[in-house]
Amino acid sequence: MAALRALRALPVTPVTLSSRQSVRSYASAPQSSGAFSWPAIAAVAGVVGLGVYTFLPADKVEKIEDKAKGVAAEVQAAKQGTGSWGALIKDKWVPFELASVEPYNHNTKVYHFKFPEDSKDKVSGIPVAGALLVKMPEGENEVKDDKGKPVIRPYTPISTSEQAGSLTLLIKEYKDGKLTPYISSLQIGQPLLFKGPIVKYKYEPNTFERGLCIAGGSGITPMWQLIKHSLDQPEDKTKWTLIFSNVSEQDILLRKEWDELASKHSDRLKVNYVLDKGPRGWKGETGFVTAPIISKLFPRQEGEKVKAFVCGPPPQVNSVSGGKDGPRQGELKGALKELGYTEEEVFKF
Ligand SMILES: Cc1cc2nc3c(=O)[nH]c(=O)nc-3n(C[C@H](O)[C@H](O)[C@H](O)COP(=O)(O)OP(=O)(O)OC[C@H]3O[C@@H](n4cnc5c(N)ncnc54)[C@H](O)[C@@H]3O)c2cc1C
């Protein structure tokens, strides 16, 4: 599947943008602002950094400086959500049409949405493990939340941040969910409304020794980006443990990709699948992700610097870490608190 092949090569670009969004409790707003990296920046910085500068005639130096200024302006614009690279707009819903869709498993599909004609050369500009917001267009079929407000949900694309003209989402349908049955019923050419990007967590290599990702169901996509990004950087020595819980084996999203990644980076990544109820001969854990399961799969050592990330359905997030408080992280509770983790050591997506 083309989209999933693209995933393996996912070079996620760190972009940090600010935004003010209001969504359900487990959709978070931005954390802070930060740096934007782009091949052009690297190119310009590389030329300057190599000291070529001193050997160039003045007019060439000027050209390089102009280019660097242009890139800096784009960086600034992108930080403010007004850049010309990004098809997403921070404070405005934009319609992207469904271009094609492929089934992934019994309840999940891969959706390709194309940007409007005037944005076909643009990219989504979503940062590592960042997200965008989605809602359905207004109309008689529009489903509202319990307070009568539009239903808005965050998604982390599986396409690269450099993909131009379109973005790709892997979306699991919850039959009793508010938004996903609508997305699942979309026909080719129909639009969905998008807004963003939103920053979730600004990852810096080597800021903790071991990372623990606890994901449930469709909450896996931010973890995929985060871990893949870290493993792709040779200078990053961070080790990772994934605890991924699902109802059954057929619900495990990106399993092949995870297994390949774990085998390629056997010294840095351990993947553990937890099933509600395992089939005959299942060797992994079963049941809810509890404190004993976490400490068994991710035993902590005295003085070790760790960080735990949590993303999944509300009941799971509540029991693992305590739910979010709107866009804020919310009080740390549940299994991680029981195990002695501090608020600084836990991030809820
Ligand atoms: C950062 C981030 C990235 C994400 N990326 C993806 C992605 O790439 N792909 C993807 O498919 N999903 C992703 N999600 C999840 C996505 O945002 C939606 O939550 C999901 O699609 C369900 O939306 P829905 O409106 O259809 O269902 P909802 O109406 O949200 O319900 C989902 C399920 O949870 C149950 N439920 C809802 N609220 C409660 C509650 N308070 N207590 C108990 N049960 C409850 C419902 O009954 C239903 O079974 C991501 C979430 C986050 C936070």
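Heads up, the Cβ atoms here are built off N, Cα and C, so glycines get one too.
Bear in mind that the values here come from a model prediction, so they are computed numbers and not experimental data.
Listed in TrEMBL for this protein:
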{"type": "TRANSMEM", "residues": "35-56", "note": "transmembrane segment"}
{"type": "DOMAIN", "residues": "91-204", "note": "domain 'FAD-binding FR-type'"}
{"type": "BINDING", "residues": "ARG153, PRO154, TYR155, LEU170, LYS172, LYS178, THR221", "note": "FAD binding site"}
Helix, strand or coil at LYS178 (FAD binding site) [DSSP, three-state]: coil
Binding-site residues (ARG153, TYR155), the one with most neighbouring Cβ atoms at 10 Å: TYR155
Of LYS172, LYS178 (the binding-site residues), the residue whose Cβ has the fewest other Cβ atoms within 10 Å: LYS178
The domain 'FAD-binding FR-type' (91-204) - residue tally per DSSP class, helix then strand then coil: 8 helix, 44 strand, 62 coil
Count of other CB atoms lying within 10 Å of the CB belonging to LEU170 (FAD binding site): 24
Nonlocal residues around THR221 (FAD binding site), in sequence order (Cβ under 8 Å, 6 or more apart): TYR155, THR156, PRO157, ILE158, LEU170, LEU253
Whole-number Å value of the largest CA-CA distance among ARG153, PRO154, TYR155, LEU170, LYS172, LYS178, THR221, listed as FAD-binding: 20
